[in-house]
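As written in TrEMBL, here are the features:
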type	residues	note
TRANSMEM	6-34	transmembrane segment
TRANSMEM	55-76	transmembrane segment
TRANSMEM	96-120	transmembrane segment
TRANSMEM	132-154	transmembrane segment
TRANSMEM	206-239	transmembrane segment
DOMAIN	211-367	domain 'O-antigen ligase-related'
TRANSMEM	251-271	transmembrane segment
TRANSMEM	351-376	transmembrane segment
Amino acid sequence: MTSKKYYFLLFLIVLLIGFQQFPVLRIGGSFKIYELLSLILLLKFRNHGFWTSKLIALWVLFVLSPIVSFCYSWLFLDIPSDFYLRYPEATESFKFGNRIFSVLQIIYMLFCFSALSGIYRERRLYKYFDYLRRYIVIIGTCIAVYSLFALFVYDPIPYLPSFLQNKSVYDFRSSGLSQEPGNYVIYQVWVVLFTYYAKELFSIKVWLFMLTINVLSLFFTFSTSLIAFVVLIILSYFLCSTTKKQKISIVFISFIFFCVGYFVLLESGYYDLFETLFLNKATNFFYAPDHTLDSGSFRSYTGRIGWEIFYNQPLLGVGVGNSVYYMHLYEFKMGIVNFGDTLSLGIFPQNLYACVFAEQGLIGGCALLFFLLAVVKELWKYRNEKPYGRMFFVGGLFNVAVTLSNPLVYALFIWVFLVLALGYNKYIHEKDSNF
């Protein structure tokens, strides 16, 4: 593969990361367009380039640990015999009725590393960064326009042939081209940040239009994680370089907005809805409630099951993608009194840390923690650098925070912008050191 084609593939992977459920190719599994591009990278992989401690951690997480845990589970662990009694429909499923599907999980992990290492190493992505971020904003805005149109008018994509799309329908939440609003919010937060910092790339009217559309689409996700995003924006004025006057101003403005918002919610009768959509879900996620009546409590429930699986197989885990076979063993052992959402075929721990530790054990889990801690350390170090230090700081910390509720380690959209931030910082400081 020529160097130019290699760069172009990486460029497309970054730009198309928002196309998560359309267009897709459904052949047993659902392959996103950026996953197919990553697969091409894997098949043409250039196994050379610089290495850093963060890249090594990614290699352990996506290559070494998955292969080791796969071999261990294949040789020494059997699928619990009552799994097919609990889910008889699994015997007719290619995904759950055939252990060879585990091999596909390994392939996912390998091409994820191929794409992420390429994005981190490819200097031309950062040499022409203005060109890249311009198209990130344009494509993200187009997806946001579609999302708002689908929310308020009509959504045509779910009516397309199923082999082209795998999109769910949400009647009152913006979800872009993602499986659910909780996935879309990760992508859309980055789009909003890139748009905010792209004022010089567009005319003022176009820029304001794009920013408004993207903020609206983000707001209408009604995702609980938006609370974290708002908090991070406010904290950035205290953690990043700002004057004392600016800090006092942001405290005053935040207090006014909080009071006005609280008063409006009470007077309009929407406080109960706000409490249901945001506060209760957030509270139930971080505690261990005795029910699964909302998504927060259900994520907490499945996450705790993931930790139980890890405690039973702590060193190497049960294999990437195999936690689904063990969830039912702990279904009624978590102290749940009132079931709303229940386990179904294909449910795994809804928490990245619990899922990785359950499936890859200490090796993969420690690699994950090392990488994320290294990311936070670097984002903190460069948070005050112009022009994108604060953008990467806020977006990166938000990205790390939402891994608490986004479980699939091989979901490429979780990692792309984090790695892009790392690669940009490395390129800029190497460039500066040469002068």
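Using N, Cα and C of the backbone, Cβ positions are placed for all residues, glycine too.
TrEMBL does not curate its annotations; it predicts them automatically.
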Local confidence of the prediction over the domain 'O-antigen ligase-related' (211-367), expressed as mean pLDDT: 83
For the transmembrane segment (132-154): best-contacting stretch of 55-76, 206-239, 251-271, by Cβ pairs under 8 Å: 206-239
Stretch in 6-34, 55-76, 96-120, 206-239 most in contact with the transmembrane segment (351-376), if contact is a CB pair under 8 A: 55-76
